Amino acid sequence: MENRWQVMIVWQVDRMRIRTWKSLVKHHMYISGKAKGWSYRHHYESTNPRISSEVHIPLGDAKLVVTTYWGLHTGERDWHLGQGVSIEWRKKRYSTQVDPGLADRLIHLYYFDCFSDSAIRKSILGHIVSPSCEYQAGHNKVGSLQYLALAALTTPRRIKPPFPSVTKLTEDRWNKPQKTKGHRGSHTMTGH
């Protein structure tokens with residue numbers, strides 16, 4: 001029988017970012033209690049030698065699985081050291097891969113009482129408005145004018161440590177254009 005290949009989307013991530021992600025997940029699972037129902041699987045609990053860890057996040061009757069890998073082929077850059085992350089949404093026997101932005105929105109939808117979802121309606125009805133959303137990574141668009149006005153009136157409180165964001169885990173901070181320092185008209189800036 002011939003080999004059968006299965007292709008998965010894996011975002012290349014540096015190992016320090018993966019360590020930070022794991023640390024935040026464990027903190028909110030065991031200390032703050034905000035990640036109730038989440039489960040963390042260590043590398044020795046998996047049959048795949050490339051899997052470093054798995055975080056299972058229940059979303060109703062489905063779940064989101066964030067898998068970190070090690071020992072992958074290195075990328076084209078020196079800092080791509082064979083670490084990676086894949087994000088999968090599973091429900092019964094069906095599974096599909098999702099992008100980090102959608103993963104953050106799903107986590108936000110199931111785990112947080114959000115200011116933007118209910119603030120406008122509550123304020124019109126005269127109810128007390130929750131001043132902020134604890135999971136800002138779940139927001140990726142500009143809100144309505146009403147939302148922006150209410151957001152300007154309330155002061156959001158910062159939560160330390162922040163809740164782990166899948167988008168932040170997979171963002172490409174290495175390939176962002178670098179700003180060169182120098183005086184106006186300098187040779188380094190203009191290239192002349």
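Cβ atoms here come from the backbone N, Cα and C positions, even for glycine.
Annotated region 'Interaction with host APOBEC3F' per Swiss-Prot: 14-17 (among others), in sequence order.
Annotation source Swiss-Prot lists region 'Interaction with host APOBEC3G' at 40-44, citing sequence analysis. The average pLDDT computed for the region 'Interaction with host APOBEC3G' (40-44) is 89.
Beyond the ends of the region 'Interaction with host APOBEC3F and APOBEC3G' (54-72), by six or more residues, the same chain brings 10, 12-13, 15, 18, 21-22, 25, 35, 37-41, 43, 46, 82-92, 98, 103, 106-107, 109-110, 166, 169 to within a C-beta distance below 8 angstroms of the stretch. Taken from Swiss-Prot, the feature region 'Interaction with host APOBEC3F and APOBEC3G' covers 54-72.
As annotated by Swiss-Prot, region 'Interaction with host APOBEC3F' applies to 74-79 (among others).
Annotation comment: Swiss-Prot describes 75-114 as region 'RNA-binding'.
Positions annotated as phosphothreonine by Swiss-Prot: Thr96 (among others). Residue environment of Thr96 (phosphothreonine) contains 8 other Cβ atoms, counted within 10 Å of its Cβ in all protein chains. Secondary structure at Thr96 (phosphothreonine), taken from DSSP and collapsed to helix, strand or coil, is strand.
Under the heading motif 'HCCH motif', Swiss-Prot lists 108-139, citing sequence analysis as support.
A helical conformation is recorded for His108 (Zn(2+) binding site) in the three-state DSSP classification. Packing around His108 (Zn(2+) binding site) is summarised by its Cβ count: 22 other Cβ atoms lie within 10 angstroms of its Cβ, all protein chains included. Look at Swiss-Prot and you will find His108, Cys114, Cys133, His139 tagged as Zn(2+) binding site.
The motif 'BC-box-like motif' annotation in Swiss-Prot covers 144-153.
Annotated phosphoserine per Swiss-Prot: Ser144 (among others), in sequence order, evidence recorded as sequence analysis.
Summarising the annotation, Swiss-Prot assigns region 'Multimerization' to 151-164.
Residues or ranges marked as region 'SOCS box-like' in Swiss-Prot: 151-180.
According to Swiss-Prot, the phosphothreonine annotation covers Thr155 (among others).
Annotation comment: Swiss-Prot describes 162-192 as region 'Disordered'.
Sequence annotations record features per position, and here Swiss-Prot assigns phosphoserine to Ser165 (among others) based on sequence analysis.
Residues annotated as compositional bias 'Basic residues' in Swiss-Prot: 176-186.
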Helix, strand and coil totals (DSSP H, G, I; E, B; other) for the region 'Interaction with host APOBEC3G' (40-44): 2 helix, 3 strand, 0 coil
Inter-residue Cα distance where the pair is His108 (Zn(2+) binding site) and Thr96 (phosphothreonine), in Å: 19
